[in-house]
Amino acid sequence: MRASYLFTSESVSEGHPDKVCDRISDEIVDLFYREGPKAGIDPWQIRAACETLATTNKVVIAGETRGPKSVTNEQIEGVVRAAIKDIGYEQEGFHWKTCDIEILLHPQSADIAQGVDALQPGEVKEEGAGDQGIMFGYATNETPDLMPAPIFYAHKILRLISEARHSGREKVLGPDSKSQVTVQYENGKPVGVREIVVSHQHLVPDLTSSQVRDIVEPYVREALPKDWITPKTIWHINPTGKFYIGGPDGDAGLTGRKIIVDTYGGAAPHGGGAFSGKDPTKVDRSAAYAARYVAKNIVAAGLADRCTLQLAYAIGVARPLSIYIDTHGTGKVPEEQLEKAAAQAMDLTPRGIRSHLDLNRPIYARTSAYGHFGRTPDNEGGFSWEKTDLVEQLKRAL
């Protein structure tokens, strides 16, 4: 391991155009999970794959669903407008009341459904994966939430500013923003911040970069460890000088374009599949959650300081094709033993993951901004993959 290096990660706010689309897609997934039980539909039978495009005063929603027929386009439109309103868009080029919404949802392909729903030989009551693919999970003990420091603090900066904006304390700030944090590492441990970037939309046209810095700097300092900012830290606040036109009016958004922001900020591999808009039969989402869950519990158990875990699946096949663990030289037991322990401690079939993490619930809109990982599990079942309740099972399996 290098003695000294810099590593950078970025985050974006819930008002970033791509995150607006992630939020809308996940709100629709949640809608189907809320309405399904009301119509007598087993949550295990709900399916949703929803993609969103947002641009100037226009939202287009396309994809495949299976669920209650009681979910109408009017109901979906209402959910979309409520999401945009909650994010805070009331500007001329993108307003929750007046933007045009086009809905192009249709039933899930029968060819895909037969692979997911069909019983597999020798695997009674098991459902196959919704697609092939590889998924990664990662954990490190360099922050309390067992996340890499650069992405952890990049998220925290924007989350604090967003809370201030929503509370009404910072009325001149708009919904769209980005952050980037360059962290200095010594002997593999984060010790300070070399560079800070914050680009934040403002609602007053002639607000200067200096004035925006006066607004956001206290939140940046609150987010970071006290001694990490020094006189040598370089600040870049609205470096282009002006950020008045923001959101989908300034830059078109799409679901699934912020997969590194959603995960580990580039500190770990990514299998390439996005999360938002997908029900948990899609292993792009559910298996990535499971991989994080197992990796986090390995680190929480003290079995490694860092852990990368890869899972692989084939469409229509229930069992994972492979489980791979790399502890980056920090493991307390051989990685081959950890791989066996992971398989014993948790059922990593799609059904096993959905059951263990209780994923057949309307818990997805809350994941659509500020990362799917490093979050606090809530009372409604959200972020269940962040629990550390697998520690004892892993230890017993070794």
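Backbone N, Cα and C define each Cβ position, glycine as well.
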Could you check which of 97-107, 108-118, 196-206, 218-228 is flagged in Swiss-Prot as region 'Flexible loop'? 108-118
List which of the binding-site residues Asp18, Glu51, Glu64, Lys282 have their Cα within 10 Å of the Cα of Lys258 (ATP binding site), in sequence order. Asp18
Nearest recorded site to Lys282 (L-methionine binding site) by CA-CA distance, among binding-site residues His16, Glu51, Ser177, Lys242, Asp251: Glu51
I need the nearest neighbour of Asp251 (ATP binding site) among the binding-site residues Asp18, Glu51, Glu64, using C-alpha distances. Asp18
Going by C-alpha distance, which of the binding-site residues Asp18, Glu51, Glu64 is nearest to Lys242 (ATP binding site)? Asp18
